[in-house]
Every structure is written in structure tokens, then in C-alpha cells.
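What TrEMBL says about this protein:
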type	residues	note
BINDING	His6, Tyr193, Tyr194	Fe cation binding site
Amino acid sequence: MYTARHYEADEQVYKDFTEETGIKVNVVKGEAEELIERLKREGESTEADLFITVDGGVLAHAKDNDILQPVESDVISENVPENMRDKENKWIGMATRARVIVYSKDRVSPDQLSTYEDLTSDKWKGKVLARSSTSLYNQSLLASFIELNGEKAAEEWSEGIVKNFSRQPDGGDRDQAKAIAAGVGDVGIMNTYYVGLLANSSDPEEVKVAEGLGVFFPNQETNGTHVNISGIGLTKHSKNPENATKLIEYMTGKEAQEYLSANNYEFPVNPDAEKPEILKSWGDFKMQELDFDTLGKHNQKAIEIFNKTGWK
């Protein structure tokens, strides 16, 4: 397996799968684009049976590079709803995360929040935090706006956020949360699972940061909150397609889905899987309705807009 996901929870699921089936899982980790290039280069001689990555755009890129083949399995079709997998089943969703507005409970009331677009208004001047535009999470967020609202609106949004930054983008999502706690800004754009990781950290300082944060799902009255996906695909030249398919079935099954969600704080794709308490506490939400492939389609344009609007 070639994977661009680097989470301990995933490792545990592979171990459980091996214990249950006797099938050994050999894991090679790397950056998604490197692994795609490696699969292209290796061609028929590859030892990889499976490819795992974060981000719908990257999954679309893998599919476009013809390194995946359709997975045929009734079990997978039952485990994973249609909107959480590729139309041709060349990749299957295994977990999702929402990119939300996180706010200081002390300084912001949730009724002051509404949409991503509202973060560009003057009331948030000097109060908005976000990571760099080199982040794939931000690129996919902007790509979703290009798809849903058009390029002009996406550019205006990026421009408005830059105008309202409390500081130049710095660090990852966790750093935005810590900056809110330190009073550097009042609101941040973040993936939900980082809040779960902070709240359950072994570091009491991180737990304290999470306690002061509220999670707000924007655009509930309009086109929904942006959600991104991690997916798994069967490689085109897999030597063990049967066992590889068994692992996809296992990873999308109720038990593994609940384990991933309880330990990595992502949303399960299997509707039968129970969510951990912290995810339940955030409530249900409406997500954007778009094809995950479009995140890849608009990636280049999103990068151009970020550069043009000065989102460093």
C-alpha cells in the first residue's frame, strides 16, 4: 500500500485487519504527488495494490493519471454512499473532514457568524486567521467556491480575507487555534479534526486551547459547509486485487469507521458508524453539494487567485 495519510489510527486499523484475516499489509508512506509519480513510473512492475490519499482533487489527479482501476464489491457499495466514492469506483471515500470557522468563545458569539463570505466584512478586520495558501486544504476550499460561485466571487472572497487577516498566514491549522487562544485573532478557518486532536491531546496546554474554541459550520442557509475527503483506490496493476478489495471493505466497515472517527476525529463515510461524542456535540450540518473531482479541476485557478490577491 502507498499512502499519503500519516495517522496512527490508520496503522491500528491495518493491524486489526491483519489479525482478523491473516493478510499482511505492507505500508509505504510518502507525499501524494510523489506516490502518484512513482506508480506511473513503476507501471506494471509496481508492488503497490492500494493508493490512499487526502483530498478529492488529488484523488481526481490519480484517476486522471490512469493509475487506478474500478473496485467491484457489493460490500463497499453498501458501506459507502454514492456521493462518497468515484462514479466509476476508481476511488472509495474512507473519511471526511469539514473546513469550518473556529472562534474564540470568550470574544465571539455564534450568532455573529454566518458564512465564509461574511468573514470578508469590515467587522472582522484584523481578526481572521488562516494558514498559508500553499495548504491543499485552502486550495480545495477556494476551488469549491470557484465551482459554486464562479471565479470572480472566489477572487473577491480571497481578497476580502487577506484584508481582514490579523497576521500573515503562519503554521498549520493547530497554530491558528493556538493563535485564537493567545488573542492574536478571534476567528480561524480550520479543519474540524484538528479541534478533536487538540481536545484529546496529552498536552494540557492544547486541551486548554480546545476548551476555548467554538466550532461553527458556515453557509447552512446557502450552499453548505466545505467538506473534503480521504480516499482509497485499487492500483491499475495490483497483483493482489482480491486481498486489496478485502482491506477496502474492512476500512469502510462499521467497526473500522468508528475506530478512525473516535481516534482521528474525522467524519465516517459509513452512515451506520457511530460518531464520537465531540463530533456529535458539534451537531449535524449541511455540506456543499459538489463532485469531489471539481476540487482538482479548479486547483490551478485557486493557486492563481491566491497569488493575485496576496494570500501568502
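Each Cβ is built from the backbone N, Cα and C atoms, and glycine gets one as well.
Since we're looking at a predicted model, the values are computed, not measured.
On the structure: features taken from TrEMBL.
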{"residue": "His6", "record": "Fe cation binding site", "Cβ contacts under 8 Å, 6 or more apart": "Lys29"}
{"residue": "Tyr193", "record": "Fe cation binding site", "Cβ contacts under 8 Å, 6 or more apart": "Arg97, Asn264, Tyr265, Glu266"}
{"residue": "Tyr194", "record": "Fe cation binding site", "Cβ contacts under 8 Å, 6 or more apart": "Gly172, Asp173, Arg174, Ala177"}
Environment of His6, Tyr193, Tyr194, the listed Fe cation site - residues of the same chain whose CB lies within 8 A of the CB centroid: Tyr7, Arg97, Asp173, Asn191, Leu197, Asn264, Tyr265, Glu266
